[in-house]
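According to TrEMBL:
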TRANSMEM  33-58  transmembrane segment
TRANSMEM  70-92  transmembrane segment
TRANSMEM  157-175  transmembrane segment
TRANSMEM  181-203  transmembrane segment
TRANSMEM  215-238  transmembrane segment
TRANSMEM  250-268  transmembrane segment
Amino acid sequence: MAAATSTAAYWLAEHPAIVSFRWSPTGLWFSTWAFLLGFLASYVALCLALDAILAALLRRRRPLPLGPLPAAHALLMAAVSAAIFAGTLLSALAEIRDTRWSWRGRSRTTPFRWLLCFPPGTRSSGRVFFWSYAYYLSRYLHAARGLFAVLQRRRGAAARVFAHAASVAMAFLWLEFSQSFQVLAILASTLAHAVAFGFRFWVGAGLPAARGAPVALACQCALLGCNLLCHVGVVWMHFGGVAGGGCSGIGAWVFNTLLNAALLWVFLHCYGKRGVCDDDGGATAASARHNKDL
């Protein structure tokens with residue numbers, strides 16, 4: 001057991017490629033502003049065009065059969081989310097272990113404050129930013145859910161498309177500006193997605209499950225609550241002078257806050273109307289009848 005734990009820790013937090021990682025617009029995939037903006041424009045335009053075409057061709061809201069594709073995608077997302085969660089957790093613990101000495105005497109930084117508020121001048125390099133980059137790449141994979149929603153003629157599909165686009169943009173900003181609190185945000189998001197997509201795969205594969213289990217609603221509520229607490233903590237540390245110099249990436253944090261407000265609107269739009277969205281795993285009681293389409 002100890003050998004397996006040591007091996008996992010090496011591959012997830014101590015591998016040279018992880019320790020020496022550095023965010024760069026020249027040496028990494030999908031790391032430029034041009035690619036990001038081009039993808040977002042193309043993704044939104046494609047999904048909205050497909051939605052309009054299907055609405056014109058199919059008078060009734062009849063979903064296109066996608067077979068096992070959504071379930072397979074859910075399994076892949078659950079596995080990727082679990083790997084990123086484990087890697088981020090182990091990397092954060094390793095970073096705290098390796099840098100704790102440098103905090104003594106220089107500032108009042110503690111591990112908890114570091115998780116919420118990176119010191120000014122923090123660069124996007126090292127273990128936690130490697131997994132932040134992995135999380136950013138996973139947002140492109142996650143964006144396929146918006147396309148599935150359009151093809152399956154789900155209600156609120158346009159809102160979900162914009163939500164997925166905003167998620168990609170936020171993950172990019174975290175890396176580009178070394179934004180504070182991203183470690184906690186990634187841990188909360190990947191844990192929620194691992195559970196939610198695991199349940200979605202379970203249901204989509206036809207395995208027995210509690211009908212109407214509000215897994216998606218519970219995960220999204222927990223995620224929104226965690227994000228809200230993290231934002232309050234950043235405000236307290238940066239503007240209250242607790243961090244002693246402020247927090248890294250505060251400009252991107254302001255934009256991130258606006259995007260999170262938009263995602264909150266999407267959430268309320270979806271679940272405020274009898275839970276019609278059912279985006280990330282399972283169904284609410286009102287939408288359980290749609291499980292056969294997962």
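Every residue, even glycine, has its Cβ placed from backbone N, Cα and C.
Keep in mind that TrEMBL annotations are predicted by a computer and have not been checked by a curator.
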Cβ-based contact of the transmembrane segment (250-268) with the transmembrane segment (33-58), 3 or more pairs under 8 Å: no
Closest-packing stretch to the transmembrane segment (157-175), where packing means Cβ pairs under 8 Å, from 33-58, 70-92, 181-203, 215-238: 33-58
Long-range Cβ neighbours of the transmembrane segment (70-92) (under 8 Å; 6 or more residues past either end): 8-9, 12-13, 18, 115, 126-128, 130-132, 134-135, 138, 141-142, 144-145, 148, 152, 183, 186-187, 189-191, 193-194, 197-198, 200-201, 204-205, 281, 294
